[in-house]
Amino acid sequence: MASEPTPREHELPNGDLAVSSHWVHGIRGVATVPASKRPLYQLLMDLLTDVRVPDLMPARLAIDCRDIVEARELVGDIDRGSVTVDGVSYGMGYCQSVAEAIDDYRDRDPLTLVAVGCSGSKHKNDGLLPAKDRYRGGYWTNKRQYAETIGDDWGVISAEYALLEPTEGIPDYERVPSDHRGVPVDHDGRLPSGDAVRTKLDLWAYEVHNHLSEWLDAAANGVDPRDVELQVLLGKKYEQPLRERGVFDALRVRGSLDVSFPFREVEGLTGIGKQRGWMVSEVDAATALATDGGESR
């Protein structure tokens, strides 16, 4: 009976890792994990420390898969009682054990990202200021506090700059999405909806989608993809043109993605005053939880 994997490992000059399974009379098998796959191999070894699987199964999964999500998909694709991994067949029992270990590991809170709309009120001084400091006003302060408290990371959707990191330096400017409406552009891109980019408003939506996709990819992918909750706090004048062009529906991550729009979906948030009150309540609740020894977002 196989026990937890205990292969022998040998560093190769090019950074690859030779992994072998030994028994009393010699070597049972060898697999070479490419240098680029070693982070996934190490993650699998950590996950399967106490799981009864053959020595080389983690290495072969790392060779065949790009991340832990694909490894889970592979061991779940059982055909006639087994799964072929890197040319070797593994029985249903081993595959189910790996699947359970990965499921247990991935049973965790999603990564929370918060995208907030910019502010029409800005500090007017010359030069550059971080986006989070350029914008001003009570409504902006509430959005910033909400994003910093609730989100693991946050960004600012701007009519001028598409998506900004909070620390990104920007000058004073005046721009709203309607400024782009009907202004023709020559661009060969396609909107997430599949329509051609014909106006500056289309181009803005195209750029917002690309920036959001890059942000999600950087935050949630790699060998250990995170499930993501993306909260979008936008007024109708910003959200509607983006939604109409398929910006949010087309977003993807390797894990699961839940995109929510609290200002529209939470009952009763029909104006700025109610939105501000809701954000304050959410921040207070999260802060109280952290103070009481729980975890804030």
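Just so it is clear, glycine is given a Cβ too, placed from its N, Cα and C backbone atoms.
Going by TrEMBL, these are the annotated features:
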- 116-243: domain 'DUF6884' (DOMAIN)
PLDDT averaged over every residue in the domain 'DUF6884' (116-243): 97
Secondary structure composition of the domain 'DUF6884' (116-243) [DSSP: H/G/I, E/B, coil]: 50 helix, 27 strand, 51 coil
